Each structure stands twice: as C-alpha cells, then as structure tokens.
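Copied from Swiss-Prot, the annotated features are:
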type	residues	note
BINDING	66, 68, 236, 311	Fe(3+) binding site
BINDING	66, 68, 236, 311	Zn(2+) binding site
BINDING	75, 138, 171, 239, 316	4-imidazolone-5-propanoate binding site
BINDING	138, 313, 315	N-formimidoyl-L-glutamate binding site
C-alpha cells in the first residue's frame with residue numbers, strides 16, 4: 001500500500017549536500033521510498049493514506065554511527081575529578097575510566113542493561129535518530145561481551161530503529177589480563193570473535209589504538225581476524241596521540257576511523273585513498289576540554305567524508321542529543337550546517353556501510369525521515385537544546401512517542 005506525504009520541502013542530502021526539492025512530496029510503499037520529487041510532478045495513483053506535512057522541511061533520519069549506549073552505572077564522579085584537574089589518562093591508570101564501567105557492566109544483568117540503554121536511546125530517537133550503532137567493549141570477556149551484544153540485538157527488536165552492533169572487545173585490558181595485552185588480543189582473536197560472530201551477534205569489529213589501550217600491531221592482529229570472518233572494521237584512532245592508527249585503518253579499508261585529533265596529513269591521504277570515513281566526536285572533545293583539533297581543512301581538501309556522532313558513553317561523552325553534536329561540530333570544528341547534516345546522514349551511513357539503503361532521501365532507499373517545523377535546514381544545527389517540533393518516520397511508519 002502506498003502512502004503519500006505531501007506539502008513539504010526536502011533536503012535529500014544526496015552527495016553530502018542539501019540537494020533541495022521545494023514544494024515536494026514523498027510516496028512510500030512499505031518500508032521504502034517509492035517516489036520523491038516536486039508535488040506538481042506527482043504521478044497519478046491511489047494512496048492508502050495522505051499525510052499533510054504542513055510545509056515542514058524533511059531530512060533523512062539521523063544516523064548516530066558511533067555510540068557506547070549499553071553500559072552499567074555512570075561516571076559522574078569522574079566528571080567532577082576531571083574538573084579538579086585530574087586527566088583522563090590518570091583516572092584510567094587508577095582503576096577508573098573504562099575499568100569502572102567494566103565492573104558495573106559485568107555486575108548488571110541483561111535486563112538491567114537493556115532497560116537503562118532503552119532510556120538513553122529513546123532520548124536519541126526523539127531527537128530524530130532512526131539508525132544507531134552500538135559497541136560492546138565494557139565486558140572484556142566472552143560472557144560479558146556476549147551479554148552486551150545480545151542486549152544490542154534486543155534493542156533492535158524493541159525499538160523502531162535500525163541498530164548495528166560492533167564488537168569492541170579490544171577496548172581496554174581487563175583486570176584478569178593485567179600486563180598481558182598480547183595474550184588478551186590472542187584470546188579475542190582465537191576465542192571471542194569467532195564465537196560471537198558464529199552466534200550472529202556482530203556486524204563490525206572495532207578497537208582502541210592508543211598508548212593506554214592497544215598498539216597498532218595488536219590492532220592489526222584483530223583486523224586480520226575480522227577480515228578472515230568477513231567482518232568490516234572500524235577504529236578509535238589518534239584521539240590522544242599520533243600512532244598511525246588511522247593509516248592502519250585505511251590499509252584495511254575500514255568503514256571509519258574515529259576521533260582523529262592527532263592524525264597527520266599522511267593519515268588523511270591514506271584515508272582519502274581507501275574511502276575510509278572520518279568520524280568526528282565533538283562531545284568527547286568538549287567534555288575532555290581538548291585543545292588539539294582534528295585537521296578539518298586537510299580532511300576536506302583531500303576529499304575525506306566527515307561524519308559526526310554522539311560517542312554516547314558514560315565517561316567522556318554522556319551525550320543524549322545528536323542535534324547538540326551538530327551544533328558542536330559547527331561551533332567547535334567549523335563545519336557548515338550543510339556539512340554537519342551530511343555528517344549525521346549520508347556520511348554516517350557510509351561509516352556503517354549502509355549508504356546504499358540509508359542516509360539520503362532517494363527512490364528505492366529506506367523511508368526513514370524527519371519532518372521539521374522550521375524555515376530552513378540550517379536551523380536544525382543552529383538551535384541549542386530544546387525539542388524542535390518534528391515528526392519522525394521510520395520505515396514508512398510515523399513513530400509515536
């Protein structure tokens with residue numbers, strides 16, 4: 001059955017640009033876009049329902065392509081410590097940081113993790129997010145990584161959203177492997193990843209390449225295992241120092257490399273050549289009060305596609321609004337509103353390998369879109385906070401909050 005959505009203007013975000021269609025209409029059939037264009041060119045047809053969008057601006061549904069939305073506890077006390085001058089690295093070295101979340105996550109049941117995550121993700125959904133990536137990485141052993149990945153799959157069943165799962169077992173060194181990082185990486189590669197993949201719980205594999213996490217050589221071992229399992233890879237790279245992680249990611253044709261504050265021009269060129277998306281995470285940059293900016297001009301100059309994401313996590317980016325990240329991306333990183341919106345639509349889709357089906361409004365793509373009561377799409381980036389009036393459509397069906 002075909003449904004007509006009419007009386008609107010559309011920012012399709014094709015090719016990373018607004019690509020406006022004014023005085024437009026959309027026809028959906030099932031979960032797909034059947035037709036899109038000028039309302040005066042609408043083909044004669046019979047529709048099961050006609051929806052008047054009252055002159056709204058329609059954008060693709062937002063895609064949050066880098067989150068750690070499933071976790072136990074929170075780290076508000078560490079937030080206070082950082083404001084007293086304690087660094088992220090110092091907190092991690094004293095057993096805080098990721099380690100404290102690992103303890104809380106291991107202690108939590110699947111049901112507890114699911115219920116707490118749903119509260120957070122519903123906030124994102126009400127902000128216009130229709131697709132979300134969620135990483136494991138707070139279990140750090142087979143049993144608890146599996147628990148997290150099972151919860152991620154359940155979120156996809158519970159909510160009207162597209163949910164992609166990423167195994168981030170190589171996030172930090174668990175306490176039982178203290179001073180045995182090579183042995184832990186071997187355990188990930190020979191035991192955890194093959195089993196978790198065999199259970200159908202993994203869509204992609206990620207790792208944290210940093211002095212306080214894993215070396216490029218160790219990450220490469222994980223990447224080779226992922227490659228052998230036909231799983232795409234992603235990487236946390238160059239957040240706190242320059243280790244060449246983004247070039248390593250490019251070598252393995254990673255979907256994305258994320259953070260990237262300390263990447264070099266050679267890293268940028270490598271990512272441009274491989275088509276790897278640069279995912280910028282302004283929430284973590286802001287909360288950690290960083291001063292080293294990602295090389296935005298170089299990324300743009302070399303044609304690297306830039307995505308933005310919330311990096312929702314309990315330690316460095318407890319961000320429940322992707323729209324706020326849009327404003328931060330523009331204010332902190334000097335992205336234009338158009339570039340920022342591309343970063344949570346088509347470029348974010350590319351960072352998840354979903355660009356053929358998601359991220360822009362085109363015939364044949366999934367009917368995920370948001371109708372905003374605004375005068376121009378730049379307003380979505382411009383306004384700070386609040387709940388902009390909107391209608392969210394997921395797979396051709398309006399989501400009722």
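Cβ coordinates are placed from backbone N, Cα and C, and glycine is handled just like the others.
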Cβ-based neighbourhood (8 Å from the centroid) of the N-formimidoyl-L-glutamate site, residues 138, 313, 315 excluded: 68, 71, 75, 98, 101, 137, 314, 316
Of 66, 68, 236, 311, 315, i.e. the binding-site residues, those within 10 Å of residue 138 (4-imidazolone-5-propanoate binding site) when Cα atoms are compared: 68
Candidates 66, 68, 75 (binding-site residues) - the one closest to residue 313 (N-formimidoyl-L-glutamate binding site) by CA: 68
Those binding-site residues, out of 66, 75, 236, that come within 10 angstroms of residue 315 (N-formimidoyl-L-glutamate binding site) at the Cα: 75
Rounded to the nearest Å - Cα separation of residue 68 (Fe(3+) binding site) and residue 239 (4-imidazolone-5-propanoate binding site): 16
Any further residue of that chain within 8 Å (Cβ to the Cβ centroid of 66, 68, 236, 311) of the recorded Fe(3+) site: 67, 135, 258, 259, 281, 284, 309, 312, 313, 317
Residue among the binding-site residues 68, 75, 171, 236 whose Cβ has the most other Cβ atoms within 10 Å: 236
Residue 66 (Fe(3+) binding site), number of other Cβ atoms within 10 Å: 30
138, 313, 316 as binding-site residues, winner by CB count within 10 A: 138
Proximal residue to residue 236 (Fe(3+) binding site) among binding-site residues 75, 171, 316 (C-alpha distance): 171
Same chain, 6+ residues apart, C-beta under 8 Å of the C-beta of residue 239 (4-imidazolone-5-propanoate binding site), given in sequence order: 210, 259, 260, 261, 262, 284
Length of the line joining the Cα atoms of residue 316 (4-imidazolone-5-propanoate binding site) and residue 66 (Fe(3+) binding site), in Å: 13
